[in-house]
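Undergrad: So TrEMBL lists these for the protein:
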type	residues	note
DOMAIN	20-260	domain 'G-protein coupled receptors family 1 profile'
TRANSMEM	6-31	transmembrane segment
TRANSMEM	38-65	transmembrane segment
TRANSMEM	71-95	transmembrane segment
TRANSMEM	116-138	transmembrane segment
TRANSMEM	158-177	transmembrane segment
TRANSMEM	209-228	transmembrane segment
TRANSMEM	240-262	transmembrane segment
Amino acid sequence: LALNPWDVVLCISGTIISCENAIVVVVIFYTPAFRAPMFLLIGSLAMADLLAGLGLILHFAFVYFVPSEAVSLLTVGLLVTSFTASVCSLLTITIDRYLSLYNALTYYSERTVTRTYIMLILTWGASICYGLLPVMGWNCLKEPSACSVVRPLTKNHLVILSVSFFMVFAVMLQLYVQICRIVCRHAHQIAVQRHLLASSHYVTTRKGIATLAVILGTFASCWLPFAVYGLLGDYSYPALYTYATLLPATYNSMINPVIYAFRNQEIQKVLWAVCCGCFSSSLPFRSRSPSDV
């Protein structure tokens, strides 16, 4: 096959994504202090994005060096599984942040740990099921007219994925609206109790809302173009449109470590310790709520 520049860009993106998220996975896995629900969910997101990056690299390698329909199904299944798990992990992190504010007094309990494991099982279970569909026979290799804009996924399969994304986005939007309300109410109560100026309350509230807006805005700007195109596009459309909407979606996996992991002060401490050669798995950490991250 002639080398497609878009495939090269996707492969490069996959390499960057893999390197970033591999760092997060290794840090969380080898640091016993990172066993709190918050870090388990961040680790799940990093693992999903790591697999997505590896999937992009493998897809490029197999398409150009080992062309095979069977291998193509496996790599596409891996990409569907990993990207689905990434989006669902973002939802679980949002749910965890909301509950840490809504049930602040009972958040640090065994129920939270149990709930976290249940969310992880559901996230990866659903993602694996979505990813296995092409491998188990739901593909368009024998019926090209049933193909979606992402071959060999069928149009119906991609529609289900797109609709699922919109459902996840709607839930996340509603939860972040509720989080903003809780943050505003808490900031106002603190300002009243400490006799702070109204301007101080305004600055604190604006900073919190701006952070949530960046998180949700990044997620939407990366995935909405591809989700909309997946609903409206057809297999007869030029491949350029698919690449142009899929590439921003991969950038979400590139940005996630920056937003959810590298901004975390505890993870920063471990990374600095590793860079300085003084890593210790028993570094002391200050207990923080997911809403602080």
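Residue numbering: from 1, along the chain as shown.
Backbone N, Cα and C define each Cβ position, glycine as well.
Burial and contacts for the listed features, if you can.
TA: Outside the transmembrane segment (6-31) by six or more residues, the chain places 39-40, 42-43, 46-47, 49-50, 52-57, 59-60, 63-64, 239-240, 243, 246-247, 250-251, 253-254, 256-258, 261-262, 267, 270-271, 274, 281, 283 with a CB less than 8 A from a CB of the stretch.
Outside the transmembrane segment (71-95) by six or more residues, the chain places 41-42, 44-45, 47-52, 54-56, 58-59, 62-63, 116, 119-120, 122-124, 126-128, 130-135, 139, 141, 150, 152-153, 161, 164-165, 168, 171-172, 175-176, 219, 223, 249, 252-253, 256, 260, 290 with a CB less than 8 A from a CB of the stretch.
Taking Cβ pairs closer than 8 Å, the transmembrane segment (116-138) reaches residues 37, 40-41, 44, 48, 73-74, 76-82, 84-85, 88-89, 91-92, 95-96, 152-154, 157, 160-161 in its own chain, all 6 or more past its ends.
Long-range contacts of the transmembrane segment (158-177) within the same chain, counting only residues at least 6 positions beyond its ends with a Cβ under 8 Å from a Cβ of the stretch, are 80, 84, 87-88, 90-91, 94-95, 97-98, 130, 148-150, 212, 215-216, 219-220, 223-224, 227-228, 230-231.
Same-chain residues lying 6+ beyond the ends of the transmembrane segment (209-228) with a Cβ under 8 Å from its Cβ atoms: 87, 90, 162, 165-166, 169, 172-173, 176, 179-180, 183-184, 244-246, 248-249, 251-252, 255, 259.
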Undergrad: Could you tell me the mean pLDDT over the domain 'G-protein coupled receptors family 1 profile' (20-260), as a whole number?
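TA: Mean pLDDT, the domain 'G-protein coupled receptors family 1 profile' (20-260): 86.
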Undergrad: Against which stretches of its own chain does the transmembrane segment (240-262) lie, if we need a Cβ under 8 Å and a gap of at least six residues from its ends?
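TA: 6, 9-10, 13-14, 16-17, 20-21, 23-24, 27, 42, 45-46, 48-49, 52-53, 56, 83, 86, 90, 93, 149-150, 214-215, 218-219, 221-223, 225-226, 228-229, 233, 268, 271, 293.
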